[in-house]
Amino acid sequence: AQVILLIVLLIAIANFFIGTVIPTNTEKKARGFFNYQASIFAENFGPDFRSGEGFFSVFAIFFPAATGILAGANISGDLKDPQSAIPQGTMLAILITTIAYIAVAICAGSCVVRDATGNVNDTIVPGMSCNGSSACGLGYDFSRCASQPCDYGLMNNFQVMSMVSGFGPLITAGIFSATLSSALASLVSAPKVFQALCKDNVYKGLEFFAKGYGKNNEPIRGYVLTFVIAMAFILIAELNTIAPIISNFFLASYALINFSCFHASYAKSPGWRPAFRYYNMWVSLFGALLCCGVMFVINWWAALITYAIELFLYIYVTYKKPEVNWGSSTQALYFVNALDSALALTTVEDHVKNFRPQCLALTGAPMVRPALLDITHTFTKNNGLCICCEVYTGPRKLCVKEMNSGMEKKQAWLTKNKRKAFYAAVAADSFRDGVKSLLQASGLGRMKPNTLVIGFKKDWRSAPATQVENYVGIIHDAFDFELGVIIIRISQGFDISQVLQVQEELEKLEQERLALEATIKENDFEEGKRGICGFFKKASSLNISKHETKKESTINTIQSMHVGEFNQRLLEASTQFKKKQGKGTIDIWWLFDDGGLTILIPYILTIRKKWKNCKLRIFTGGKVNRIEEEKLVMASLLSKFRIKFADINIICDINIKPNKESWKFFEEMIEPYRLHESCKDITTAEKLKRETPWKITDAELEAFKEKSYRQVRLNELLQEHSRAANLIVLSLPVARKGAVSDYLYMAWLEILSKNLPPVLMVRGNHKNVLTFYS
């Protein structure tokens, strides 16, 4: 069809050019056609705008005639070699149409005068004066057109090409051919582009138009929509009114295309490799600005409306963040800006005023310990860096494969759950070696962790000694690398992998049940009904997969305990930091000067929406005879730091011995890990020390008895003063490396934080994080 229309159009154009050389007759002369005349060309060469028209108003009407340059790009999916065909075809089309338009304009301007009456009697007779016009020189007097409207001539007759041509109906056929060709190009290309937009689901509610039909996935619904829009404009029935509106939107689209080319070059994306030899990014920018300027010159209010629509669509896409990946230049520019900012940060020296907690959280897979991530994210969101870390141990080949396969999935989980955090994983021979690597290499330039966040090892009493050694060693490693440490403990623990596994198994069982049900229904509905009933009756003993034992155990647990009472409590605990905290307190037990991290973390929590109803209560040690003085000193200090607080408590009896029941509990707790070398001969004792260096010696226990007393006593005070707090933040005790055994240190942490609300044990790296100066 397109080829036939093209042939008709070419014949019509040829018919016009042939008509210009066919000798004219009296009737055509009266209508202003005199064949090629130099005087007519000279007279018509300059502008002569009338009726309030100007260059840009005429340009707006003519512009749609030159808007087919995207036709090739719009049907790129149907081309065998679009990379070659589109630029060659587009440039050739521009060249041919430009020559055709200029040739028609020159020929018409050389043959037809601007105004003619159409009256064959308006000739020059002997004795009449001539006004000097080209028509007057050719024997016709059209001077009355200056004072009254005339129907003929280039300025008045829209059918001038038909008049000039050799056969008028061919021009009409050419007009229909050009109109249908342009209409078909728009009707075919625009719906396909719109269909692609709808498939990407960029704008909600447009999925209806994404459906295609037939072998070529034709957008029939898009065709209907395009037809309705086209008919709406046609019904205006005034070409000079329609054309400026169309020109406005075409110019807007060309401005965006030009700016997109400039932006892609400006972002320096390696994937942007324009093949056009004469491409220049500044020409693209100039083209975009030119299009914008012309839009305002043509019709300023229409341009404003167009830009308002574009701005609305842009804001909508930016806000909704559709899940599409076009490899856009915006993404490339984000990368360049981030890189430049990171490099700029390296030139800025650290200052206490700009300190912010940048946390390396040992969450493992982020979905496995959501509560640990939530509390960390609370004081890093929009404030500092948060990296969720996982260490894979075992055979390197298997570890690396598993690690690589899960990286994108786990980062996507963070994004989906609106956690502003990064996921990082390493494969290592041991957990501690992996954490060492993360402590040293995580981050970029100044954007690197300064605080290690780790959950309390709840199973330290039943875990292998190597795991306990690694856990305590990681804390020492963090201090060695000059990081602060935050150990977080909640009553139910953080790890919900067991619950996730149960849910996964149940989902698999449900899918298998539905698949079996569908299969039976297809064969025989009645038999299927009976089969499904039998399936449910025998579900506990049915061998559905190779994990039979585990699944049966899981199902029995779920059926008997409704997901399990323990698992239910664990699930509730895992979401406790997602909820808005009610009115209450965050109790800060500031027992050591660690640079201020113990104060800063709870302060940041109180300025978050979820914790804003919680007040800060400060607890610190002091002397009985100086309680009021020390309160004033502490209040003055906090005021200088501009930290609001509800109450200050000076605890005078921190250093007294704990009661006998508490101490007995502590002794019973450490009993399985004591060496009792004093009850053995020297040789046996030395051998045991070498074989079990993690055990608590009598000498060690005696040397650190006062410190043990202190931890037990602190728990008593915490039970007394902070049992009802929403959160407790206290100074983390530090064990001297090589002097305090791993199990004694874990016993300190255990006794210090047991039977309490959520506890954050915090220790800075003794670098100041608070300052008096704003």
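Our numbering is plain: 1 for the first residue shown, then up by one each step along the chain.
Here the Cβ of each residue, glycine as well, is placed from N, Cα and C on the backbone.
Marked as coiled coil by TrEMBL: 499-526.
What TrEMBL lists as domain 'Amino acid permease/ SLC12A' is 1-360.
Annotated domain 'SLC12A transporter C-terminal' per TrEMBL: 369-774, in sequence order.
The annotation transmembrane segment is assigned in TrEMBL to 55-77 (among others).
If you look up TrEMBL, you'll see 89-113 (among others) marked as transmembrane segment. Distant neighbours of the transmembrane segment (89-113): 13, 16-17, 20, 32-38, 40-41, 43-45, 65-66, 68-69, 72-73, 133-135, 142, 153-154, 160-161, 163-164; these residues of the same chain sit at least 6 beyond its ends, with a Cβ under 8 Å from one of its Cβ atoms.
Packing against the transmembrane segment (220-239) from elsewhere in the chain are residues 61, 183, 186-187, 190-192, 194-195, 208-209, 211-213, 245-246: each is 6 or more residues past its ends and has a CB under 8 Å from a CB in it. Here TrEMBL flags 220-239 (among others) as transmembrane segment.
A Cβ distance under 8 Å defines the sequence-distant neighbours of the transmembrane segment (245-266), meaning residues of its chain 6+ beyond its ends; these are 59-61, 63-64, 67, 70, 233, 272, 274, 279, 281-282, 284-285, 287-288, 291-292, 294-295, 298-299, 302-303, 306-307, 310, 329-330, 332-333. Summarising the annotation, TrEMBL assigns transmembrane segment to 245-266 (among others).
Here TrEMBL flags 278-302 (among others) as transmembrane segment.
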**Prompt:** On the 0 to 100 scale, where does the mean pLDDT of the coiled coil (499-526) fall?
**Reply:** 74
